[in-house]
Amino acid sequence: MDNVQPKIKHRPFCFSVKGHVKMLRLALTVTSMTFFIIAQAPEPYIVITGFEVTVILFFILLYVLRLDRLMKWLFWPLLDIINSLVTTVFMLIVSVLALIPETTTLTVGGGVFALVTAVCCLADGALIYRKLLFNPSGPYQKKPVHEKKEVL
């Protein structure tokens, strides 16, 4: 008798929770960068947020085009988690530095959006980490060989 496995229907990245969090993260970072540009904030604020926008766009394109499935020689979820944590640290620093002097309203707005971006990046990293931990097809999958056999 044939043991046919049902095909798992692929859910597009844009409709997944991970996709929604990445899109929200991109929107918040672009908004923060726009506020910093309009307010003529110090250049490091604009450069850091601009760099984060390009990195987030890279990861979104990577997942939308499913290039992570083609390039298996890199462990993309680990890179994504590291990126989320580094982005969290940088955006926290930018937001604190933008909020302390309270120079203009737009700079404060950019700082607030950078702070919300940092929280969103932390949530993104936690979401990816949770998916890695509970991935049933990962290397730590429990196999029937490891189960105890009952002796009667």
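For all residues, glycine too, the Cβ spot is worked out from N, Cα and C.
As given in Swiss-Prot:
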DOMAIN    13-133  domain 'MARVEL'
TRANSMEM  45-65  transmembrane segment
TRANSMEM  81-101  transmembrane segment
TRANSMEM  108-128  transmembrane segment
Across the whole of the domain 'MARVEL' (13-133), what does the mean pLDDT come to? Round it, please. 88
Tally the residues of the domain 'MARVEL' (13-133) by DSSP class, grouping H, G and I as helix, E and B as strand, and everything else as coil. 104 helix, 0 strand, 17 coil
